[in-house]
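This report refers to the structure that appears directly beneath it.
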Amino acid sequence: AETKHLCCFISVVKAKFGNADGEFCKFPFLFMGTEYNSCTSQGRDDGFLWCSTTYNFDEDSKYGFCPHELLFTLGGNGDGAPCKFPFTFQGEKYDSCTTAGRDDGYRWCATTEDYDRDKFYGFCPETAMSTVGGNADGSPCAFPFTFLGDSYDSCTSSGRSDGKMWCATTKSYDDDRKWGFCPDQGYSLFLVAAHEFGHALGLEHSQDPGALMAPIYTFTKDFRLSHDDVQGIQELYGVPTDKPVPPTQGPVTPMDICREPVIFDAVAQIRGETFFFKDRFLFRSVNFRSKPNGPMLVATYWPDLPAKIDAAYENPVDEKTVFFAGNEMWIYKADELERGYPKRLSSLGLPSDLQQIDAVFNFRKNRKTYLFSGDQFWRYDEDRATMDPGFPKPIAESWNGVPDDIDAAFSLNGIDYSYFFKGNHYFKLEDSSLKIIKLGEITKDWLGC
């Protein structure tokens with residue numbers, strides 16, 4: 001039983017080149033009397049991350065390089081060649097891996113200086129020091145990097161009060177302000193082994209980023225096979241003759257939000273960005289008039305969440321993000337789940353028989369949080385951490401023009417408007433007058449289609 005729990009915390013990184021090509025990194029390892037728990041650029045002046053494949057590098061000198069796009073690429077048609085920076089794509093120059101031209105969120109690069117001419121490319125490996133959260137869309141750490149004039153050769157918690165480890169994704173955070181959190185959950189030996197076993201059975205890489213056979217690894221707690229994984233193995237070996245157990249979740253594949261209307265499960269503004277949630281995926285946007293980036297896996301940012309959420313909002317008092325799914329709620333500080341969560345909705349003062357929250361948002365006008373379910377709503381006082389008396393009330397009684405059974409609701413920072421989503425339409429509310437002043441299409445006005 002103990003071994004089962006340990007499987008999800010073993011760091012699995014396969015080294016490339018060096019004198020131990022193809023062997024796995026050994027963490028921790030000893031180098032010049034210091035232990036390292038992750039890949040490092042110490043001892044090198046080219047910035048490449050490396051690891052020892054035995055515990056004591058000082059004695060054994062066995063090493064390899066950790067995955068990086070300047071060493072090699074995955075998939076594509078570039079035959080594993082490294083990225084060529086800068087490269088030209090559709091007339092524009094790119095100095096790093098990009099998701100441009102793709103709707104599945106995969107980072108890629110050209111393996112020659114001109115993709116428009118040569119059409120050679122590969123996917124950027126993200127199994128060593130790809131980042132989570134931040135503002136760099138998963139780009140890997142860049143070591144060494146400069147922060148407040150000091151140079152850093154590894155992840156650091158400097159500048160943070162919560163102790164979270166982070167890194168810059170360019171050589172100078174001071175100049176570029178691009179960063180992300182360093183992944184700390186390790187790699188699931190089960191997921192890595194299952195992926196390789198899938199190849200042994202004849203499966204190719206999947207275009208579904210949530211699939212086991214996706215070419216880029218993403219840690220997912222309580223992982224379940226995607227519809228694409230199941231369909232692929234059944235095409236090779238046939239459908240089971242025994243009566244199958246009903247699946248725990250339906251098929252989910254990457255979506256084109258402009259090709260067909262998507263009814264989002266939740267919409268929220270988190271750390272100044274607008275997040276659109278649909279099943280296991282999310283889209284994110286800084287400017288709501290432009291097409292958001294995505295799809296990306298929700299598990300990349302919040303790995304403990306279930307496969308589908310109902311509502312989300314950011315608490316303005318302590319800037320924590322609150323998620324709702326079914327009759328439970330999760331609270332995160334950045335990407336770290338608060339101790340004791342998930343909890344029942346009743347812990348907020350909601351009825352014990354309430355099955356789900358349809359939408360939730362914090363109203364900028366009075367800093368109260370409003371929770372909607374069916375044709376009713378509740379009001380929560382964030383400062384006092386209590387539900388206000390006299391609720392629930394009918395939505396129609398207080399929110400003139402807002403329909404029942406809404407899908408999502410939120411306010412944008414710095415403006416006098418709130419928004420309610422239902423189907424492919426949204427209702428724009430003027431906060432000062434509490435009047436609906438616009439009914440529009442989400443696809444046209446929010447998704448840049």
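Placement of Cβ uses the backbone N, Cα and C atoms for every residue, glycine included.
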**Report entry** Record-annotated Ca(2+) 4 site (TrEMBL): member among Asp153, Asp405, Asp407, Asp416 besides Asp265, Asp310
**Finding:** Asp407
Report task. Choose one of Cys51, Cys109, Cys124: the cysteine that TrEMBL connects to Cys83 by a disulfide bond. Result -> Cys109
Query raised in the report: What is the disulfide partner of Cys155 among Cys141, Cys182, as given in TrEMBL?
Result: Cys182
Query raised in the report: Of the candidates Cys51, Cys66, Cys97, Cys124, which does TrEMBL name as forming a disulfide with Cys25?
Result: Cys51
Requested in this report: Based on the record in TrEMBL, give the one of Cys39, Cys66, Cys449 in a disulfide bond with Cys258.
Outcome: Cys449
Query raised in the report: Using C-alpha atoms, which one of the binding-site residues His199, Met213, Asp407 comes nearest to Cys167 (disulfide bond)?
Result: Met213
Query raised in the report: If you measure from the C-alpha of Ala312 (Ca(2+) 5 binding site), which of the recorded positions Cys97, Cys182, His199, Cys258, Asp265, Asp407 fall inside 10 Å?
Result: Asp265
**Report entry** Remaining residues near the recorded Ca(2+) 4 site, that is with C-beta within 8 Å of the centroid of the site residues Asp265, Asp310, Asp407
**Finding:** Phe264, Ala266, Phe277, Ile309, Ala311, Asp358, Ala359, Ala408
Query raised in the report: Given Asp407 (Ca(2+) 4 binding site) and Cys258 (disulfide bond), what distance in Å do their CA atoms have, once rounded to a whole number?
Result: 19
Requested in this report: Could you state the whole-number distance in Å separating the C-alpha atoms of Cys182 (disulfide bond) and Cys124 (disulfide bond)?
Outcome: 17
**Report entry** Assigned element (helix, strand, coil) containing His199 (Zn(2+) binding site), judged by DSSP
**Finding:** helix
